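Trainee: One structure follows; several queries about it will come next.
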Amino acid sequence: MVVWSKDQDKLSDMSTGAVEMKKEGAPPAYHHSNGSVHPVILPDGPEELHHDAGEYELTEVTSFSDRAEQESDRSEMVVIDCRANAKGQREEDALLENASQSNESDDTSTDQNPGQPVPLKETSFSIGLQVVFPFLLAGFGTVAAGMVLDIVQHWEVFTQVTEVFILVPALLGLKGNLEMTLASRLSTAANIGQMDTAKEMWKMIMGNLALIQVQATVVGFLASIAAVIFGWIPEGQFKMGHAVLLCASSVATAFIASLLLGLIMIGVIIASRKVGINPDNVATPIAASLGDLITLALLAGISTGLYKELDHNNYANPLVCAFFVALTPIWVLIARQIPSTREVLYSGWEPVIIAMAISSVGGLILDKTVSNPNFAGMAVFTPVINGVGGNLVAVQASRISTYLHMNGLSIGEPNPTPHKCPTPCTTFFGSGVNSRSARVLFLLVAPGHLVFLYTINSMRGGHTTLTTIFIAFYMAAALLQVMILLYLADWMVQWMWRRGMDPDNFSIPYLTALGDLLGTGFLALCFHILWLIGDGDTDVGD
């Protein structure tokens, strides 16, 4: 329906048509979307305007001579009922929608509703081709992190303040809590067209960078408290100097690592869109490729430097901690300027804090296992198994979230069809694009880990000989870990979506934290079993 007022110089379009008013007193003409042009009957007096809009019908005339001589100062309004034409247009749209749904099994691009942004067409081969390179890159990053952890576990700060081991999974998990969540958020924004203009892009960048700095500072501080508690309860000893050291090391490491990785993520996502690659396939693995290595190197270096200051300067550790905490209000003010980050700033704390607590439990397992000289060989493999599982499940969670944003109902809107809890069969053997990506990601586990194990062995890293029985146990643990995580991703992302929670902000922290816990737990179990059965061909713990 169209309403046009001459004295207000205003045009209101309420249907698929349009009204064109020519100058010099010429009457308006109605242009329908099918290309036809119809003249419009104008009312003679204001009394005709008192009727409901639905009483007026579109009328064709052959002459406008009488209407052209209307007084120029008289207010004119046109009310056109295009219900019949709109109904026809809706029927045409419904036919197109049904046609697209009938081809859904053959073409992945037809999963979208009409009017929604169309994602890149992806087959199993294209998904694997885009994922495999960043997956291997991220894997080699975790291998390097494992080599670093294998070396620094013998440093004085790690032997004297063993609670630093509890910080390792919690801080390495920040890449899942913050950087991968940032990558998933920006990938979705890029795919649905929220970063198409330079102004929108820079607003998203500044708001998200400020947000992750706030989260990194808070999570780093809470991780240090968890490390102090987990270290104090079993031993029954509390040292204030060590507690402040843990706080300063954790906050400084989290802040610097998140800033560096956040900048890398933004560059990757912008570059991916420019070259036509789906950012969901590459952003989260690249977030982890340098994440573990940078974070672990920063933690080892900062904690070592601050540990040396304990004997010479009692104020160094408190000042470092206070400096980074004092910057938090600045980042809060910046993050509040952007609506999307303002919402996460207020509601996005639960997943990152709970994920930090879950990762800290994995850190406690690592601390108690690696502290035993018989299981020192576990250190080099922990970042690898945790990193691979977290990388793969983050890719899947990011893809499912983008799929729901582009194809599903609005967040929290009830689904008209009853929803069943996914089963492992539907997760891995379904015909949808998400099941296809789950199969591709799961098939990358075994060859990927074999490459990483061979790399560690060739570099003479760790304290463990790669025997057949060790590889068998290790691969069983890795495959079971990733299988559980991919199934949980399929269930958790859709569960959060139905309850009005944006999966980009909530799912990845939980999933990567569970990956750390499962990976560390399964790996510790493998080393204990190998020790108990007395594998004679391995020097586990030698």
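Numbers here mean position along the shown chain, with the first residue as 1.
The backbone N, Cα and C atoms fix where each Cβ goes, and this holds for glycine too.
What TrEMBL shows for this protein is this:
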type: REGION; residues: 1-49; note: region 'Disordered'
type: COMPBIAS; residues: 1-12; note: compositional bias 'Basic and acidic residues'
type: REGION; residues: 89-120; note: region 'Disordered'
type: TRANSMEM; residues: 131-151; note: transmembrane segment
type: TRANSMEM; residues: 157-174; note: transmembrane segment
type: DOMAIN; residues: 168-302; note: domain 'SLC41A/MgtE integral membrane'
type: TRANSMEM; residues: 209-231; note: transmembrane segment
type: TRANSMEM; residues: 243-270; note: transmembrane segment
type: TRANSMEM; residues: 282-303; note: transmembrane segment
type: TRANSMEM; residues: 315-334; note: transmembrane segment
type: TRANSMEM; residues: 346-366; note: transmembrane segment
type: TRANSMEM; residues: 378-397; note: transmembrane segment
type: DOMAIN; residues: 382-525; note: domain 'SLC41A/MgtE integral membrane'
type: TRANSMEM; residues: 440-457; note: transmembrane segment
type: TRANSMEM; residues: 469-489; note: transmembrane segment
type: TRANSMEM; residues: 510-533; note: transmembrane segment
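Where in this structure would I find these features, and how exposed are they?
Mentor: Remote same-chain residues near the transmembrane segment (131-151) are listed as 168, 172, 281-282, 285-286, 288-293, 295-297, 300, 379-384, 386-388, 391-392, 395, 440-441, 444, 448, 451-452, 455-456, 459, 461-463 (criterion: CB distance under 8 Å, separation of at least six residues from the stretch ends).
Counting same-chain residues at least six beyond the ends of the transmembrane segment (157-174), those with a Cβ under 8 angstroms from any Cβ of the stretch are 145, 149, 216, 219-220, 223-224, 226-228, 230-231, 242, 245-246, 249-250, 253-254, 257-258, 291-292, 295-296, 299-300, 303-304, 307, 355-356, 359-360, 362-364, 366-367, 370-371, 382-383, 386-387, 390, 509, 512-513, 516, 520.
Remark: secondary structure over the domain 'SLC41A/MgtE integral membrane' (168-302) totals 120 helix, 0 strand, 15 coil, with classes taken from DSSP.
Tertiary neighbourhood of the transmembrane segment (346-366): same-chain residues 165-170, 172-173, 176-178, 181, 211, 215, 218-219, 222-223, 226-227, 230, 378-379, 382, 386, 505-507, 509-510, 512-514, 516-517, 519-521, 524, selected by CB-CB distance under 8 Å and a gap of 6+ residues from either end.
With a cut-off of 8 Å between Cβ atoms, the residues of this chain six or more beyond the transmembrane segment (378-397) that come close are 131, 135, 138-139, 141-143, 145-147, 149-150, 153, 168-169, 172-173, 175-176, 180, 183-184, 280-281, 284-285, 287-288, 292, 296, 362, 366, 369-370, 434, 437-438, 441-442, 444-445, 448-449, 452, 456, 461-464, 474, 477-478, 481-482, 485-486, 488-490, 492-493, 503, 507-508, 511-512, 515-516, 518-520, 522-524, 527.
If you look at the transmembrane segment (510-533), the same-chain residues 6 or more away from its ends with a CB under 8 A from one of its CBs are 169, 172-173, 175-177, 180, 351, 354-356, 358-359, 361-363, 365-366, 369, 374-375, 377-378, 381-382, 385-386, 389-390, 393-394, 397, 469-470, 473-474, 477-478, 480-481, 484-485, 488-489, 492, 540-541.
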Trainee: For the transmembrane segment (440-457), give me same-chain residues lying six or more residues beyond its boundaries with a C-beta closer than 8 angstroms to one of its C-beta atoms, as numbers and ranges.
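Mentor: For the transmembrane segment (440-457), the list is 124, 127-128, 131-132, 135-136, 139-140, 142-143, 146-147, 380-381, 384-385, 388, 392, 395-396, 428, 466, 471, 474-475, 478-479, 482-483, 486.
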Trainee: How about long-range neighbours of the transmembrane segment (315-334): same chain, 6 or more residues beyond its ends, C-beta under 8 Å?
Mentor: 206-207, 210-211, 213-214, 217-218, 220-221, 241, 244-245, 247-248, 251-252, 255, 306, 309, 345
